[in-house]
Amino acid sequence: MNLRPEEISQIIKNEIERYEDKLEVVDVGTVIQVGDGVARVHGLENAMAGELLAFPNEVYGMVLNLEEDNVGCVLLGYDDDIVEGDIVRCTGRIVEVPVGEAMIGRVVNALGFPVDGKGPIVTDHRRPVEVKAAGVIERESVNQPIQTGYKAIDSMIPIGRGQRELIIGDRQTGKTALAIDTIINQKGEDVICIYVAIGQKDSTVAQIVGQLEENNAMDYTIIVSAGAAQLAPLQYIAPYSGVTMAEYFMNEQQKDVLIIYDDLSKHAVAYRAMSLILRRPPGREAYPGDVFYLHSRLLERAAKLKAGGSITALPIIETQAGDVSAYIPTNVISITDGQIFLEAELFRSGIRPAVNPGISVSRVGGSAQIKSMKKVAGPLRIEYAQYRELASFAQFGSDLDDETKAQLAKGERIVEILKQDQYDPMNVEDQVLILYAATNGFLLDIEVKDIREFEKGLIKFAQKKYPEIMTKVKGKDGLSDEVVAAFAECIEAYKKVFSKSV
């Protein structure tokens, strides 16, 4: 093909006009040290704290230390294929997780990837895991209850929507059981539940998933699992991923969310491991100086918003030999709005849930209690505390006056009434009825060993014979004269039925 000179010059002009400078400037560095899930990278002069770095073989890292001549970052994947001299690129973004309706009913890891074998999660929404908590102006005071289904807690240590209530106790005292029962009790309440397992055994998480599925609770629950075999950085990120998923429902859909962190002791240990490997200066119990901020910025994201929606946080802390004055327990106690203390001694003596109401407290939940529960809970707490004090003195002497004996008898029945089996949460109206019976002396002529049986029978009897009164208990009037009279009539009527069956 012959081309004329003017055609050639025209083609060259066209090519010059079409030419685009497609140079991409990327901040790159070199790995100078790697090991124990941590890498030091030289040359990333513009790296930002918390930024994602791209390593070879699709491994990502997160910047934690910004030093004079290098950057210290934790790896969100295994370091087996990363060697000194590898090229690392800045990404200009921070860790993000998928959020949205598609997450409900799924078990995901700390980065939001499914681990339940049910296929990929399809969602268009992603959110950064670290965001600023809602400000004071956006919040409103806690005024709605979140029912745990436990009589001892809903009456004496009530929890409100938007509250942060710590569950604290030694290992094997029923902390996780209390959290799981609270999730089961949210059925039909239009509450999204998120359970974050930090450093738990995979077998334990599988057991929890099975229990929630059995009770149809996975229909409104997301499980975020960073197991004991996972890397410390993933255990560190897991609670922030969980609360990010919760914030989507609170902010975008104005829904109420319940989030459980099980447990923050292991979260602090994971952060300590990362910090020590990064050579950050250790402080008390070898934790870094910012371990308080680690938990405060997480728990401050729980809120009740004026625009609607809330996040209620139930962090769990494991104590050693009941020592609540250790570093991490005192930190989290000072951040939260109260704590439920579960005592190993009570647990072993058969009082379950093993709540110690003496040092358990809810600072803001009282204003969220329903009217009828508030009325029965007042005398209950006082009488229970008096009974515990009297019982400790009564064991030293046998010559007790009649009034003391009556108080002890009433206290024994209150203790028995507050016992509850696992996976057996109770409706608030049923709780009010049985606590009313206990605090007003209706159970004094029932043997202590028969109390639990009497309780079950009374609830069934009331639901069958007095259904309209049971619905009024949750109303604005609370324990009106009409309800109180109906309660007394109902209890006396059932006592006659029960006495014939015993």
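The backbone N, Cα and C atoms fix where each Cβ goes, and this holds for glycine too.
Keep in mind that this is a model prediction, so the values were computed, not measured.
Record features (Swiss-Prot):
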- GLY169, ASP170, ARG171, GLN172, THR173, GLY174, LYS175, THR176: ATP binding site (BINDING)
- SER360: site 'Required for activity' (SITE)
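Structure coloured by features recorded in Swiss-Prot.
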residue: GLY169; record: ATP binding site; Cβ contacts under 8 Å, 6 or more apart: LYS175, GLU318, THR319, GLY322, PHE341, LEU342, GLU343, ALA344, ALA354
residue: ASP170; record: ATP binding site; Cβ contacts under 8 Å, 6 or more apart: GLU318, THR319, GLN320, ALA321, GLY322, LEU342, ALA344
residue: ARG171; record: ATP binding site; Cβ contacts under 8 Å, 6 or more apart: GLU318
residue: GLN172; record: ATP binding site; Cβ contacts under 8 Å, 6 or more apart: ALA344, PHE347
residue: THR173; record: ATP binding site; Cβ contacts under 8 Å, 6 or more apart: LEU342, GLU343, ALA344, PHE347, ALA354
residue: GLY174; record: ATP binding site; Cβ contacts under 8 Å, 6 or more apart: LEU342, PHE347, ARG352, PRO353, ALA354, GLN422
residue: THR176; record: ATP binding site; Cβ contacts under 8 Å, 6 or more apart: THR204, ILE208, ASP262, ILE316
residue: SER360; record: site 'Required for activity'; Cβ contacts under 8 Å, 6 or more apart: MET156, ILE157, GLY338, GLN339, ILE340, PHE341
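Same-chain residues with CB within 8 A of the center of the GLY169, ASP170, ARG171, GLN172, THR173, GLY174, LYS175, THR176 CB atoms, the ATP site residues themselves not counted, are GLU318, LEU342, ALA344, PHE347. Secondary structure from DSSP puts GLY174 (ATP binding site) in coil. Cβ neighbours within 10 Å of LYS175 (ATP binding site), excluding its own Cβ and spanning all shown chains: 25.
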